Amino acid sequence: MKPFSFRASYRYFLSSLFVILTLFSAPAIAVIDSSLGGASALLMSKAFDNKSRGLDLLVETSHPRTSEILQLLSDSQLYYHKKDKRLFIITHYVTGKVAKDLQGNEQVIKKKRDFKKVTLNNKMRGQINRIQAELGLNADNPQQREAAVRDLLKDITPGTVATLKTRFLIEESKNVREMINIALAINDLKSSDDVLLSNAIEQLDGSLEQESRSALVAFVSTAQSPLLKKQAQIALKGIEDKVQYYGWLETLYFGLSLGSVLVLAGIGLAITFGVMGVINMAHGELIMIGAYTTYVIQLLMPDHIEWSILVAIPAAFVVSGLVGIAIERGVIRFLYGRPLETLLATFGISLILQQAVRSLFSPLNRSVETPDWMSGLIQINPVFSLTLSRLYIILFCLVVFVALLLVLKKTALGLQVRAVSQNRAMARSMGIRSNRVDALTFGLGSGVAGIAGVALSQLTNVGPNMGQAYIIDSFMVVVFGGVGNLWGTLVAGLSLGVANKVLEPWAGAVLAKVLMLIFIILFIQKRPRGLFPQRGRAAEG
Amino acid sequence: MGVLNIVKNDRGGQIMLGVLLVITILVPLLNLFVPETNPLHVPTYTVTLMGKYLTLALLAVAVDLVWGYLGILTLGHGAFFALGGYAMGMYLMRQIGDRGVYGNPELPDFMVFLDWQELPWFWQGFDQFWFAAIMIMLVPGVLAFIFGWLAFRSRVSGVYLSIITQAMTYALMLAFYRNEMGFGGNNGLTDFKDLVGFSLQEDTTRIGLFVLSAVALAVGYLICRHLMNSRLGRVCIAVRDAESRARFMGYRVENVKLWIFVISAMLAGVAGALYVPQVGIINPNEFSPINSIEIVVWVAVGGRATLYGAVIGALLINYAKTYFTAELPDVWLFALGGIFVLVTLLLPKGVTGFVAGLKQHKEVSA
C-alpha cells in the first residue's frame, strides 16, 4: 500500500498543515471526529468544494477507512449530528432506528432533525469513482487491480494516465499490465503522432473492452491518415468478429442450460413413459412436489440456506418417489396396457395434487432462496461471462443423467426394469416380481421428477401451476428423443434448448416456443417414433 | 319422417332428444310468461347458463365422434372450439362499430390501444355475418384437415397423437396470448354489443341463443348419429377396434379418420361460436390444454361411443362445476380430479354404460 512513500509524506505534511489552519480559522467546528481528522470537519461543511477537499484529504493521509467512507457516501448512508458535529452511519433514517458513529457507538435517532445527510453532487460522485478506482489500483488482489483499471477506462484523464504509468512500472500481473496497456492505448488514440497512433491501434486490436471499441470507432470517423484509418478499420472488424463469436458461444451456453432444464424435466418421464409405457400426466406435479420440498426444507433450516439445496435433493427424491409409488399402487397398476385410461386417471391425480398444494401452501407463488455459492458469474472476458447458476444446472443435469444411466444399466433393479418392460410375462416366469418392479420403476421416475423440481425451484417461482408449465415440454422432449431411450432424451432436450435460444432473438421468446412446438408436431409426422426409435418386437405396441 | 329414422334404434338418443325438445319449449315459456315471483319462473341468468351447457354438450358430442368411434383421444379439441369462438368474437367486435371506448368505427378498441392504423387482412370480411358464419366452420375445419392430413397419413396414433394434439392447442394458446397476433392478446375479445342487429343484453336475444344452441345440439347429434349409422360409421368402428385389419381389407383408414376429424372440428367450431355470445368473452385461456382434457372427461363420465352419453356427461360435470365453484371453490379441483380417477377405475363405460349394465343384470336375474 505504500508505493508512493515520498509523495504521501509530503502530502501528509500539507494536510496536517491544512488541519491546523482549519482548526484555528473555524472555531465553530470545535469537536472533531478524531478518527478522520480534518477530513470529517470538511465533509460536514455545506460547500461541495470543501467536501471534495475532505475526500482528497482522506486519500492524501491514506486513511485506512477511506474506501469505507467512500462507499457510505455513495450509498447515501453517511450523516452528521448537527450539534455534536460527529459523523454517523444510518442505514434506515427513521425515528427510533439506530445511528452508529464511526467508532461503532450506537445512538437511537430521537428526532430526524438532529441529523443531516452528507450530500453529494455529480462532480463529487465522479471524484469518488475515480478515487475508488485509484485505490483499487493498489489493491493486493490482481483481479481487483484489473477491475480498477477497467473502471478507469471510462474516463481517462492526464492524472489517471500518470497513475497508470507509475503502476505499470511495478505491476507484476500480466493481465493487469495488459489492461493498463489498453488504457494507455485508448489515451494515445487522442495524440497526433502517427507512430504512437499505429502502436495504439495495434495494441487495441482484439481487445474486447467496450471502451476500446468506442475509441476505435471514434478514431475511424476522425482519422486524418488513410493508412491509419484502414488499420483501425481492420482492427475493428477483428474485434467485431470476436464479439460475434462470443455471442454465439453465449447463445450456445444459454441454450444448453435451457436444454438441461428440459432434460431434467423430461428424464423422469422418459422412465415412466418410455420404459413403462405409462402416460403420467401428473409428472409435472411430481416436479412441483420436489420444488415445494425445497421450499419446506428452507423453512426448516433458515440458518443454513447455503446447504438447504444439498439436503433438498435427496429429500425431494424421497418425497416425490413415495408419492409416485402411491400413485402406481393406488391407480396405475389397475390400468396397465390401457395408456389412454392412465392418461385420464393421472390427469385427475394431477388436479388433486395441484389443489392439495393450493390448500396447504396457498395459491400464491413461493420464492425459494438461491444460496450465495450458486449465484454470480465467471467473467471470461468483457463480452462473455458464464452465469454460475446456469453452469450448475448443466452439471446437475449431466450428473442426474449419468446416475440414471448407471442405475438402469448396472444395477439389478435396472436389469429387472428392462426385462419387465420388454416382456412382462417372460420376466414373471423367470421369477421377477413384476409388481414390485413396476412400483419401484415408477417411484424412480417420480423421484427424478422431484429432483428436477429442486433445480427448477432455483430458476422460477414455485407455485401450484408450475407443473403444468413443464408437462408439455417434458412430453415433447421424450417424444422427440424417442421413447424408451435415455440418450434420446438427453440429445432431444439439449438440442431443443439450443434451438429455442437460437430462435429467440429472431422471433421472440413466445414465438420461438410456438415454432419449436410446430417443429416437433411436424417432426413426429416424419419420424413417429422420435430421433432414436426403439427397434425390435418391443417397439410394436 | 326420415329424420326420426336416424334415431330409430337409438333409445338413449330418443330420450335425450325428447328431453331436449321439452326443455327448449318449456324454458323460454317459463322465462317469458311466468311472473318472477312464481317458483316456476326461470331467470334469464339460468337460461343463458343452460344455453352455455348445451353448446358444451355439442362440443362433447364432437369429441365423442372421434374418441368414441375412431379411438382418437384428442386433447386439443378445445382449440377448434376456441377458433370457432374467435371467429364469432371477431364478428361481434366488428358489430360494436363506433360504440367502443375509443369510438373508432373501423378498429376494435384493443387495436386503437395498440396504435394500429388499419384493420389487419385477416379481419377483413368479419363485418358480414355470412362471412363469419362460414369462417366459424372453415377455420377449425382447415386446421383439422392440415393437422389430420399430416398426422394420419404418417400413422401417428395412440398416445403420440394425443400428445401432439395437446401441443397444437398449447402452441395456439401461446400464440394467441401475443398482442401482435391481432386477437386482443390475453384480454381476448369482449364488450360485445349485438348480434345480427339484436342486442345481446336483451332477454329475448338470450332466449334466442338458448334455442339456437338446443337446435345446434340436436342437429349436430343427428348428423353424428347418421354418420355412425352409415357404412362409414361401421368402418370407423372397425378402424377403432382393429386398425391394421381395416387397412388390409382395403379401406383408406387415413381418409376415414381425416374426414371424421374434420367434421368433428367443424362441430366444435359451431359450439364455440354459440358459446361466445352467451358468455360474452373469448380469450386465449380457451386454448389451454386443461380445457381440452376436461372435455374428454365429460365424454368418459357420460360413456364413450354413445353420443348421448357425451351430452349427459357434459351437462353433469358442468352443472357440478358451476355448483362447486360457487359453493365450495376449493373442493372443485379435488372433485374433478376424483371424478377422473374414479370413472377410469370404476366406470370404464361411464354413467350410461353403468345404467345399461344394471338393466342387463336385472334382465339376466329376472
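Residue numbering: from 1, along the chain as shown.
Heads up, the Cβ atoms here are built off N, Cα and C, so glycines get one too.
All annotation found in TrEMBL is predicted automatically rather than curated by experts.
Source: prediction; values computed, not measured.
Annotated features, as they stand in TrEMBL:
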type: TRANSMEM; residues: B:12-33; note: transmembrane segment
type: TRANSMEM; residues: B:79-97; note: transmembrane segment
type: TRANSMEM; residues: B:129-152; note: transmembrane segment
type: TRANSMEM; residues: B:159-177; note: transmembrane segment
type: TRANSMEM; residues: B:207-224; note: transmembrane segment
type: TRANSMEM; residues: B:256-275; note: transmembrane segment
type: TRANSMEM; residues: B:295-319; note: transmembrane segment
type: TRANSMEM; residues: B:331-348; note: transmembrane segment
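Between the transmembrane segment (B:159-177) and the transmembrane segment (B:79-97) there are at least 3 Cβ pairs closer than 8 Å, counting only pairs 6 or more residues apart in sequence, which means the two stretches are in contact. Among the recorded stretches B:12-33, B:79-97, B:295-319, the one sharing the largest number of Cβ pairs closer than 8 Å with the transmembrane segment (B:207-224) is B:12-33. By the count of Cβ pairs under 8 Å, the stretch nearest in packing to the transmembrane segment (B:12-33) among B:79-97, B:129-152, B:256-275, B:295-319 is B:295-319.
In this chain, the transmembrane segment (B:256-275) lies apart from the transmembrane segment (B:295-319): fewer than three C-beta pairs between them fall below 8 angstroms, excluding pairs fewer than 6 positions apart. Remote same-chain residues near the transmembrane segment (B:295-319) are listed as 10, 12-13, 15-16, 52-53, 56-57, 59-61, 63-65, 67-69, 73-75, 77-78, 81, 217, 221, 224-225, 228, 237, 336, 339-340, 343-344, 347, 349-354 (criterion: CB distance under 8 Å, separation of at least six residues from the stretch ends).
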